[in-house]
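Report on the following structure.
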Amino acid sequence: MNEKIMSDQKKIEEAVYQLLEALGEDPNREGLLDTPKRVAKMYQEMFAGLNEDPKDQFTAVFSEEHEDVVLVKDIPFYSMCEHHLVPFHGLAHVAYIPSDGCVTGLSKLARAVEVVSKRPQLQERLTVQIANALEEALKPKGVLVMIEAEHMCMTMRGIKKPGSKTVTRVVRGICQSDKETRQEIIAMIHHN
């Protein structure tokens, strides 16, 4: 568990208590009595990726005779918008083209998504951080990361447009320089 967050649990509890008071609620009433503790515990889980390095997920690396696209698509994730501290959630699609047959376990791609999504985050940064981790750890010929997400800050407040999705993409290496490769990966992502 993230030591920094764990050591600040009491501080989080106090802040939630004060927030409830500032909202005009009675933090000592039965329904709210344990809320500060529950919220602090929830934040431990939701922000567990703060002190983790997504590159550490790529410890299992194998040499295989595979030089074509590796894609893990439709990876569900949840994160917290750093602007409003409300969730955004969606699907991540992570593709790479191995260099010299250097591949990783498929679950490692999902684990990297998990680590960077468990932070106060922006979708744009989330996309870049996944691509960076994959690129630095495996040194592939190309990387393409695409994320589609619904942001509760657009659904529950402000413009109130439920169901609207934000799509971000990072394309590197041969996936960027070779239009045909890029289009093939995007077609694979959209293929059911």
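Backbone N, Cα and C atoms are what each Cβ position is placed from, and that goes for glycine too.
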If Swiss-Prot gives C81, H84 as binding Zn(2+), which of C153, C175 does it give for that site as well?
C153
Assigned element (helix, strand, coil) containing H84 (Zn(2+) binding site), judged by DSSP:
coil
Pick from C81, C153: which of these binding-site residues has the biggest number of other Cβ atoms within 10 Å of its Cβ?
C81
